[in-house]
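These come from Swiss-Prot:
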- 710-739: domain '4Fe-4S ferredoxin-type 1' (DOMAIN)
- C719, C722, C725, C729: [4Fe-4S] cluster 1 binding site (BINDING)
- 767-796: domain '4Fe-4S ferredoxin-type 2' (DOMAIN)
- C776, C779, C782, C786: [4Fe-4S] cluster 2 binding site (BINDING)
- 1288-1438: domain 'Flavodoxin-like' (DOMAIN)
- 1501-1759: domain 'FAD-binding FR-type' (DOMAIN)
- 1542-1553, 1685-1695: FAD binding site (BINDING)
Amino acid sequence: MGEKEIVDGCVAACHIAYACSEVAFTYPITPSSTISEVADSWMSRGRRNIFDQVVSVVEMQSEMGSAGALHGSLSVGCSTTTFTASQGLLLMIPNMYKIAGELWPCVFHVTARAIATSSLSIFGDHNDIMAARQTGWAFLGAMTVQEVMDLALVSHVSTFECSVPFVNFFDGFRTSHELQKIDMISYETIKKIFPYEKLKEFRERALNPTHPTLRGTATSSDVYFQLAEARNKYYESTPDIVQSVMDRLAKLIGRSYHLFDYYGHPDAEFLIVVMGSGGLTIEEMIDYLMEKSNEKVGMIKVRLFRPWSIDAFVKKIPKTTKRITVLERCKESGSLGEPLCLDVSTSIMRSELSSNNILVLGGRYGLASKEFTPGMALAVWENMISENPINNFSVGIDDDVTFKSLFVRQPRLDLLTSETKQCLFWGLGSDGTVSANKNAIKIIGESTDLQVQGYFAYDAKKAGGATMSHLRFGPKPIKSAYLLQRCDYVAVHHPSYVHKFDVLENIKQGGCFVLNCPWSTLEELNHELPSKIKHQIASRDVKFYVIDAQRIAQESNLGRRINNILMVVFFSLTNIIPLDLAIKLVKEAIKKTYGKKGDAVVNSNWKAVDLTLESLIQISYDKSQWISKDKCGEKSLPATAVETGNKDQEITKSTVLKQKPEHDVNQFVKDILGPVNALKGDELPVSMFEPTGTVPLGTTAYEKRGIAMSIPIVDMNKCTQCNYCSIVCPHAAIRPFLLDEAEFKNAPETMHIPKAKGGQEFSSYYYRIQVTPLDCTGCELCVHACPDDALHMEGLQKMEAVEKTHWDYLIGLPNKAEKFDRTTVKGSQFQQPLLEFSAACEGCGETPYVKLLTQLFGERMVIANATGCSSIWGASYPSVPYTKNQKGYGPAWGNSLFEDNAEYGLGMVVGYRQRRDRFRELVSNEILKDITEEEEFLKDDNASVQGRNEIITKYDHLKDYLRSWLKNIRNGEACQSLFEEISKLLEDNLINSNNFAQVLKKDRIELLEKLYDSRDLIPKISHWIVGGDGWAYDIGYAGLDHVLSFGEDVNIIILDTEVYSNTGGQASKSTPFGAIAKFAQSGNLRQKKDIGSIAMEYGSVYVASVALGANYSQTIKSLLEAEKYPGTSLIVAYSTCIEHGYTKYNLQQESVKLAVESGYWPLYRYNPELVRTEVVDNLTTIVSSGFTLDSKKVKVDIENFLKRENRFLQLIRSNPELASMAKDKLKAHSDKRFQKMKDMSENVTVTALKDQIKKLKDQLISIQNASKTGELAASGLINADLFIEQEMHVLYGTETGNSEEVAQYIQSQLVSRGYSSSSLNLDDLDIDEFLNPDKFSTVIIVTSTSGQGEFPGSSGILYEALLKKHLENQDDKFCSFMRFGIFGLGDSNYVFFNEAAKKWDKLLLDCGAVRIGAVGMGDDQSEEKYETELIEWLPDYLQLINAPEPKHDEKSEIPKATTFKVTILDSCRNDILNESTGTLCEKLDENNNIGNSHYKPIIPPNSVLLPVIENKRITNQDYDKDVRHIVFKLIGDGGDTPSLSYCLGDSLALYGQNPVNEAIKAIEMFGYNPYSLLRLSINEENEANNTNKVNQRYSSLFGYDITVLQLFVECLDLWGKPNRKFFQEFYRYCSNPEEKIQAKKWAQNEGKKLIEEFSSKTGTYLDVFKMFESARPTLAQLLDIVPFIKSRSYSIASCNKFVNGEKIELCVGIVDWKLESGEIRYGQCTGFLNRLPILDSESKIDSIPRLPSNIKASAFNLPFDYRSPVIMACMGTGIAPFRAFVQNKKYIRDVLKEEIGPVILYFGCRYYDNDYLYREELENYVKEGVITSLNIAFSRDPKGYKTSNCENIRYAQKMYVQHLMLENSQEIYENMIEKCGYFYLCGTKQVPIDIRKAIIQIIIKHSSTTEQVTSEEDANSILNSIQIMGRYNVEAWS
């Protein structure tokens, strides 16, 4: 007998395989991976085999590779083995035929596993074995862990003795992963039986040139057959040889085996034949039946399945046998029976038993490790003895479709005695429970004489799923190969499980129950525990204990690892071994398990062990009270079909396969998801399942696992709305939400929802970041990604209720994604993630990429997903995280295999393209074929059809859509939009009505029906092939390489975790040098495959390397470019993984950044479309390589990255010398690669050529500039000292990529002017490099601002270094050599507007640098965002540095290709001015009818038409300022529903119109007919177009017919002020050469003066065209250079509640001025308002004006407390919002009956008599006590002109508001500072500056001495803090 050890089946097999082999070729596949890992571990530790040699364990790229390499190794005489399962075995079949054909001795160790069919399963059955049974290999099967070892040795010996290769197989998981105490076979014993002589013979057959032979010939039909038959004798002799080996082994080890072993009654009448672990359960059942009633039942265990020995089998059958049942763990569809059953039947038929009339029955059990319990075994026997037994039955399921399943009478039959203790542990995936229980088994088994068994069940979730550890201990051998039926001890390690699972279902009477939870008192437990649990505890006299293991783990610095704590609890309560000894052994196990992770981890675990017992609490419960608890009020699982359905339904109906299965998600959740997640899936009947395995999307949203201990909680006061938390969230569990006014008002009161920040598109929304508490995993990534510390973690139980209420409300709101640019970091996160709540590990690095893909392209994605982590978290039945959007669109997902995913995805692309090509032919050749006469497609009797013209128009629109589709067939966004339009049009007129059928001929209708049926081919599918590095670098690489070479339009993303994550962390060819992984446990000593460089070699593949955690914008940019690229694209995505072993897992983003900054993971993009070449002297040189290195500098030493991850630290601890060498090699490799990429990025291959050209240019430019500088200096325009060198670099700091884009644009402008320029990330420079005067004497800095005045992620390091140097050398102006310009990107809604740019400016000036020009202040609140300022700032800067003019060529002289296409139609429409309304209308014909095309006003996106019911002047008629009070009626389509809702401080954005008569003149000037109809569309001929960038204002016109007059009146801003960008393009349109020369001057540096002079005269776009008569662009060209009319926003002067939501009131000043010519001109919008009729309540007109309008949200923050003081200051029409504020206060006081605080108003006017607006109303509010203090400053009235009789009303003359505030400073200070009031200001741009100065003076004056506010700086700091809190609010206008 050998030594006893506790091992699982994998280790048992490995022990023999390692001993008897010289080489093992491996590839990881579950569940065989453990064998490979153990062998690799032994190899790394130097363990030797029986040949006294360390086995060479070689990991291959696939199972195909392993089999091929193994075949080669055998061919040269090397004893070789491998380990595999399932698909892996199938991949080896071709080589298995070859090996068997050549009679090579060999053993495959196979952990038998299910084969993927309609779904994948990693669990055990015999389908893979049966699929390979025909290959000519011998198959030897084991039932127990002991048998695995013994029969493995039989296999290895037999294969040499009979020259037939063997498969040694055993059940996957049930045997492979079951822990048992077994007798090990020593190497000495193995050597005694090993056939060394046969080994010698084998080696003599090896291929060797000293005795050469040849194998593997190609044969013809004349000899092939004979060769096949020549091997017969080997197979005929094999059974006897195997039996001989078994007999010899028995003498050595004392355990006897036979080809077939019998067990049972010697005179059995009923016999069961079985193979594998199921036989153990049959044994228990036989013992039970024989003991109970001496039943004559027996069993034959099949050992040698192939070659099958009839004689050996028949000899084991008792002569008394009447019936035989063959149990099979496989299914062979379409066969008469499964393979074993056929073998048994054939054996009986061919033997002497054929005349005995033995009935042979076949049945299936245990597929994919389905449980096979004693109760099921009993059901098999009961079926066999029944009068009418079922043949081809199934057992263990409920087959209510074909009704072949057996009824299990005793499902909980437990055949174990009380001697065997059974313990069940419910753990949370990755919490360490399983590993702790493995240690516990080993401790018990090694320190006692008890037999042990351990089996561990998991769900398919990567982490956070349920784990069930089934442990048995007893004095006798444990045969029970099934889960626990009755438990002595139950431990539940996560408190949520008591609500989810029936955890005490199997607990015995008097059992022990341990619950890990934060509830420690009986009161808490009474409240928290479900009634059912309490009833079970009391009714079974359960001893109940609780412990808060999470608290202990946190105190011990263990995070969430509670395993060892609860193991100590187990030992303390079970008394299996003395407690002191147990704790000692536990600590030793901890040292052994965690030693590689360092002493700190070990010590933390030891501390937790020591704290455990004092924290264990036994609960004394009131048994009578608890036992009376019933299940009332409990959440129960929904009834399943087996409980409610009818089993007598006709089979034919249930077996019909639908072509397009429709899934009711709710029904699926009810019938399948709920029961499966409650671990009741075994009870589901067959009828519940869709035959093809198709499942509905979005089922994870129903799970609500609640596994996080703590969740992120947002402080919206700190949140800067960057959305970073959302983009990093692996589970889409935290998201940004936008709410409109109505949604905001209906939101839960507990939810803080501030105004949305950003550009104008956000202006009408509120914003909230929200977590879904029950879907969050608590990884904390969002907390660490937040730049503003706006997130912190709180306990789930504390926050669940309120946060769930918030989430439920927000998730039910309409998604507003369509209104935002999904191509930005922020905008992408407003898109619904179509991957949510997956079962990936907490902090998973893969899911954020796929989630982001779904946000960018999800509604049109098709995904081919390789097997691996991404297929498991992405599609583990029935949990599907992929979901659909509100329109029902979402990713379509498929999985084939591990190895063929690239080919699978390619097939999708080719197949879809083929179908789409046919569809395109249908559209172009049939539906749109040229038809000149309407009669050819119209019915003869169509004239009388009502609405005929309208129907024909719709049909014409359909054809227009289809034409547009043909032109945009490769444009994803356009096709998606057209798909929706076409589908709707067809549904409205073909499917849901007979409109088209009334008018169109039958053949047309049939074509349209075909079109509708195939409409899903309209979208341009975004094809994505998704997989991990194991697939891409190894097993699937050949296929991947083929797809890369193929050139199809398909996108590939490799989620590169650098190990085989799914199978447990084995090394792949992606594993980095020096990392420790399984199969590389001594450190991986080969460099990682550079798959990106390999792909780039094709020259036709788009390639990008990305790391989301390091650079969000680069990742998004890469994904967008890849998807747009018209060919194959490859994204290599750095994906963090728990296998990396982060020292602090929640800080993994920092590790990602270090990976990039150290050069370990470079970020780059290669776009073949950007490759440019030039031919110089017949030599083709690369001008642009198409390669962009986005991580432009190595910033930190690679060691900083390596030391954060345990995969590298393990090597440092175990072998410091090797680790040091590995680090040096990895660094050298990374540096070399970085330099190569830098060279590629800079095109150094043509450096010499460029240098020569540059020198010549420089000489010429220097001559030119010397002249120009002199001229400019002489003229005084520029100081000669400021002349700039011809090298100028643009440095940027960016967070989202916008600053980088601006920098690149500026760089391109510099390059076009002859400068040598580059754009560099600020932090890519170190300080010494930055202070190099030879390179950076002139720079432009472009930077955004992050958070509350912080630097963006890529610019803080250099700034801090420069600041430090300055502080150390304040008198040293070390930057005096530098000239700089600076441009900031910011949002004026933020307090620290452009703060980063201001800080850079101040620091550089302090260091002696000289700024050129002003600081550019880009503002997201401007109409064109930062571009508004940029197009003014950059030309000014270029003029100041005397930059040369851009180089001009022929292309620069002609107009560019237009963005739009304008089609002038043949028909016209007579639009005219409606004198009553001042707007356009359609003229009726002589019969008062309108034509076919109706006039409809153009309504900009997100706008509505509001009727004007009042427009009256409220200033004196003789006063020069015309101020209007304008009222809009809020009546929607419903008659009395407001069509717009607004709140305090909001503005109404109005779209003005141009004067009709002037527009007609302008149209005629451009040569068009004002009344011609036109149609606007994208110009498909302009390939540079990107429809994603097309403004909604333009795209909203697509598909509509408008007149040229309507375009000029309602769209083109021809009467607006031209910007600099216009002049830069305008000269191209001048056909007269002289005019072109003159116009070009306006585009050059000197043009600024011309433009300023022109603007001073308020020139318009139209004026420019009048000046240059030859410039007559087409309408399409006009659309490119003349913008659309912009909205003008006016503060709303009414309170919505005060006016009952019935109207909007404005106070608008009409803007007008007189030109030198005497012409009166008006502001664009106010001029339009001025042209409207004067209206009041008495006005009587036929129709009223309706104006396009929308709401723009206010930046004002309103107080939550009505009693907070409110101080308001305004000038002129700035009174508007404050009038609304005062109305609101009156409403609160008079209607809501709430107390209000002080209301103080400071109002600046010119004259009391002329412009004291709303005087009577305001002073009445004072008298009513609403306004506390009214203060009016009249700047033009003489002093003393008017006085007030009311003490609360103050008049002051000859002063401005700020002066009046200073006079009343005490009032201001008391209410604003002391009482924490809110201050509001509304006025022109200069006013906020003056007011702020006044308040600062007030703070200084009234602050107490203890506050030490003695300077403006201190006071300003106080005011800044008030502003950050939202209590200082400014709205200013120019």
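Just so you know, the numbers here start at 1 and follow the chain as drawn.
Cβ atoms here come from the backbone N, Cα and C positions, even for glycine.
The structure displayed is predicted, hence computed values, not measured ones.
Overlay of Swiss-Prot annotations on the structure.
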residue	record	DSSP class
C719	[4Fe-4S] cluster 1 binding site	coil
C776	[4Fe-4S] cluster 2 binding site	coil
C786	[4Fe-4S] cluster 2 binding site	coil
G1545	FAD binding site	coil
Y1551	FAD binding site	coil
I1685	FAD binding site	coil
S1691	FAD binding site	strand
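In terms of Cα spacing, the binding-site residues C782, C786, I1685, S1691 that come within 10 Å of C722 ([4Fe-4S] cluster 1 binding site) are C786. For the pair C782 ([4Fe-4S] cluster 2 binding site) and C725 ([4Fe-4S] cluster 1 binding site), the Cα-Cα distance reads 4 Å. When the binding-site residues C719, C729 are compared by the number of other C-beta atoms lying within 10 angstroms of their own C-beta, C719 comes out lowest. Taking H, G and I as helix, E and B as strand and the rest as coil, DSSP gives the domain '4Fe-4S ferredoxin-type 1' (710-739) the counts 5 helix, 11 strand, 14 coil. The Cβ of S1694 (FAD binding site) has 23 other Cβ atoms within 10 Å, all protein chains considered. Same-chain neighbours of the domain '4Fe-4S ferredoxin-type 1' (710-739): 747, 752-754, 756-758, 762, 765-773, 775-783, 785-796, 799, 803, 810, 813, 816, 825-826, 828-830, 833, 835-838, 840-848, 851-852, 1108-1109, 1112, 1149, 1295-1296, 1346-1348, 1390, 1925-1926, counting only residues six or more beyond its ends whose CB sits under 8 Å from a CB of the stretch. Listed in sequence order, the residues of the same chain lying 6 or more apart from C786 ([4Fe-4S] cluster 2 binding site) and placing their CB within less than 8 Å of its CB are Y724, C725.
Among the binding-site residues C776, C779, I1685, S1691, the ones whose Cα is located within 10 Å of the Cα of C729 ([4Fe-4S] cluster 1 binding site) are C776, C779.
Its own atom aside, the Cβ of R1688 (FAD binding site) has 20 Cβ atoms within 10 angstroms in the protein chains shown. The distance from the Cα of R1688 (FAD binding site) to the Cα of C779 ([4Fe-4S] cluster 2 binding site) comes to 46 Å.
Within the same chain, residues at least 6 positions away in sequence whose Cβ sits under 8 Å from that of I1685 (FAD binding site) are Y1551, G1552, Q1553, N1554, E1610, C1611, L1612, D1613, G1616, Q1724.
C776 ([4Fe-4S] cluster 2 binding site) is 40 Å away from L1548 (FAD binding site) when you measure Cα to Cα. Around C776 ([4Fe-4S] cluster 2 binding site), the same-chain residues at least 6 positions away in sequence with a Cβ under 8 Å from its Cβ are A708, I711, P712, H731, A733, I734. Long-range C-beta contacts of Y1542 (FAD binding site), restricted to its own chain and to partners at least six residues apart, with a cutoff below 8 Å, comprise E741, L1548, I1692, N1696, I1704, I1751. Within 8 A of the CB centroid of the [4Fe-4S] cluster 2 site residues C776, C779, C782, C786, the other residues of that chain are P712, C725, V728, C729, A733, I734, V771, G778, E780, L781, V783, H784, A785, L791. Mean pLDDT of the predicted structure over the domain '4Fe-4S ferredoxin-type 1' (710-739): 94. Close to the recorded [4Fe-4S] cluster 1 site, the chain also has V714, N723, Y724, S726, I727, I734, P736, I769, C782, A785, C786, A790, L791: residues not among C719, C722, C725, C729 whose Cβ is within 8 Å of the site's Cβ mean position. A gap of 45 Å separates the Cα atoms of S1691 (FAD binding site) and C779 ([4Fe-4S] cluster 2 binding site). Note: the Cα of C719 ([4Fe-4S] cluster 1 binding site) and the Cα of G1545 (FAD binding site) are spaced 22 Å from each other. The two recorded residues C779 ([4Fe-4S] cluster 2 binding site) and G1545 (FAD binding site) have their Cα atoms spaced 40 Å from each other. Residues within less than 8 Å, Cβ to Cβ, of G1545 (FAD binding site) and separated from it by at least 6 positions along the same chain comprise S1691, I1692, S1754, A1755, F1756, L1758, P1777, A1780, F1781, E1931. A simple way to gauge crowding: the CB of L1548 (FAD binding site) has 26 other CB atoms within 10 angstroms, across all the protein chains here. Note on C782 ([4Fe-4S] cluster 2 binding site): other Cβ atoms within 10 Å of its Cβ, all shown chains, come to 26. Within 10 Å of the C-beta atom of S1691 (FAD binding site) sit 26 other C-beta atoms, taking all shown protein chains into account.
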